[in-house]
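Peer 1: Relevant sequence annotations retrieved from TrEMBL are reproduced here:
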type	residues	note
DOMAIN	41-504	domain 'Major facilitator superfamily (MFS) profile'
TRANSMEM	109-128	transmembrane segment
TRANSMEM	140-161	transmembrane segment
TRANSMEM	167-191	transmembrane segment
TRANSMEM	203-227	transmembrane segment
TRANSMEM	233-255	transmembrane segment
TRANSMEM	311-332	transmembrane segment
TRANSMEM	352-373	transmembrane segment
TRANSMEM	380-397	transmembrane segment
TRANSMEM	409-434	transmembrane segment
TRANSMEM	446-468	transmembrane segment
TRANSMEM	480-500	transmembrane segment
Amino acid sequence: MGSQHELPADRSYSKPLGIRFLEYIKKAKLSYESHQAIVLIVTFFAYASYHATRKTTSIVKSALDPQSSDVGLKFPWRITYLSAPAESKGLSWALGDGWAPFNGSDGTALLGQLDVAFLSVYALGMYFSGHMGDRMNLRIFLTVGMVGTGLFTSLFGAGYWAKIHSFYYYLIVQMIAGLFQSTGWPSVVAVVGKWFGKKKRGLIMGIWNAHTSVGNITGSLIASALLSYGWGWSFVVPGLLIAFMGLVVFFFLPVSPESVGAYREEDEVDSLRKSEEEEGVTEPLLPLLGSNTELKEKAVGFIEAWKIPGVAPFAFCLFFAKLVAYTFLYWLPYYISHTAIEGKYLSNEAAGNLSTFFDIGGVLGGILAGHISDRLDARAITAATFMYCAIPALYFYRSYGHVSVVMNVALMFICGMFVNGPYALITTAVSADLGTHSSLKGSSKALATVTAIIDGTGSVGAAIGPLLTGYISAESWSAVFTMLMGAALVAGLLLTRLVVAEVAARISESRSQGGSQTGSEAPELDV
C-alpha cells in the first residue's frame, strides 16, 4: 500500500542513477538558486577538464622532441634553436631521446601539424556540434563528448606502451579528439544560458569563464608531474579525469529549469509575458513552464541562426579577437624567453611561469567586461571599447616590456585584461543573449547553435593567428605585434553598427526618462 509518492523498489532501482537523481531533486523542491549553483559548479569543472586535456599536448612536446637541430621555425608553437641550449640538453638527459617520429629533424614540423589539425577539426566540428546540441538532450550530448575526448586523449597516450611510432596514428587520434572537444563549449554555454537571465548574465559568466585558466593550470600540473613516469601517463590521467567528469555531468547536471520542474526567474517570466502580449497570444505560454509540462520548442537551423541580428558581427569580431588571444596563448612564453629583459634572457621555465600573468589579467578582464556590460546593458560597446584599448596596451608591451620584469608583468597583465575581456564576454554572455534573442519568440533552442557559430568562427582565427606568427616572427616581432594591433582594430570596427545602435538606444531611453515617462528596459537591438 504505502504512500502514493513511493515507487515499488524494483521499479525505482531499475531506473538509471542519473534519472533517479533528477527525480529526487525535482521532488526535493530545491530553490531556483540551488539549481543554479549546481549548474555553475558542474559546468565549471566540466569545461575545466576539457582545457586540462587540451593543455597536455604542449607539455608533453618536450618529451616527444627533447631537442631539435633545425634552424628557425618551420611550424608554430614549438621552440627550435640553432644549437640546443643547456637547459634543453639537461631535459633531454632526463626524458631520453624523444619518441619517433617526433625526435627527428622534422619533429618540430610534425608536432606543429598535430596542433593545426586539432584546431582545424575543432573549429569545423564546432558548427556541427552546436547544430546537434540544439536537437539533442544536452546532458547526454555533453557526456558523449567528454567520454569521447577522454577515450581519444588516452589513446594518444596508449601509443607509449604500445610502442606506436606512426605519425598518422597520432594525427588521426588528435583529429578525432578535436571533434569530440568541439562538443564542450556550445553545450555548457547553452545550459548556463538557460538558467541565468540577461540581467546578471555578464558578471556571472565572466566569473564562471575562469574555468579556462583553471583547466590550463590543472592540465599543466598533472602532465608535468607525471612526465617522469612516462609521457603516456600525462595523457591517460587527464583522459580518465574528463571521462569521470562526463559521468558526473550525466548523473547530476539539470540542463534546464523545465527538466527539474523549476520556475524561471522573474525577469524571464516577465519577458515571456511581454512576448505573449506583443504577439497577441490569447493562450498563455507561462503554464508550460510548470513541472509537469515541458515546453516544446523547434530547433533553429544553421542558416537561420546566422540571420539572428548580431550573430554575424560578433562572430567575425571574435575571429580577430581570438586570433590575438591564441597568438599570446601559444607564443608568449617563446617571445619572453627570446626577449632580453633588463639585459638578460629568461629560461624557458621562467618564461612559462611569467606568461601566466597574461591569463590572470584575462580572468579579471572577463569579470570586468561582464560586469560593465551588465551595468550599461551594452555588450557591443563594452567589447569594442576593450578591443580598442588593447591596441595601445600591445604597443606599450612591445616597446617597454623589456625595461624590467616588473614592467613586463604589469604591461602583460594589462594586455591580458583587454585582450581576453571581450573574448570571454562574446563567447559567454553575448552568445547566450543572442541564443535567446526576441526574434526567436521565446525559444531557447538556438543557444548551442549560436554559441557554436560564434566560437567556431573565432576558432578559425585561433588557428590562423599562431600559424602566421610562426612565419612572421622569423622576420620581425615588431611585425607580429603590428598584425595583432591591426586584428584588434578590425575586431572593434566590426561592431560599429551594433555600437551605434546601442548608443542610439541609450539616448532614446534617457530622453524618455527625461520626459517623465516610466523607465522600461531597453528593447533588444535589431540591426
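Backbone N, Cα and C define each Cβ position, glycine as well.
Annotations in TrEMBL come from automatic prediction, not curation.
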Peer 1: I need to check the long-range neighbours of the transmembrane segment (167-191): which residues 6 or more away from its ends have a CB within less than 8 Å of a CB in the stretch?
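Peer 2: Hits for the transmembrane segment (167-191): 39, 43, 46-47, 50, 53-54, 57, 101-102, 110, 113-114, 117-126, 128-130, 133-134, 138, 141-142, 144-146, 148-149, 151-153, 155-156, 159, 253, 255-256, 427-428, 431-432, 435, 444, 447-449, 451-452, 455-456.
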Peer 1: By a Cβ-Cβ criterion of under 8 Å, what residues six or more beyond either terminus of the transmembrane segment (109-128) are in contact with it?
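Peer 2: Counting only partners 6 or more residues beyond its ends, the transmembrane segment (109-128) has Cβ contacts under 8 Å with 57, 61, 64-65, 74-78, 101-102, 167, 170-171, 174-179, 181-183, 185-186, 302, 330, 452-453, 455-457, 459-460, 462-463, 466-467, 470.
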Peer 1: The transmembrane segment (203-227) vs the transmembrane segment (409-434): three or more C-beta pairs under 8 Å (separation of 6 or more)?
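Peer 2: Between the transmembrane segment (203-227) and the transmembrane segment (409-434), contact is present.
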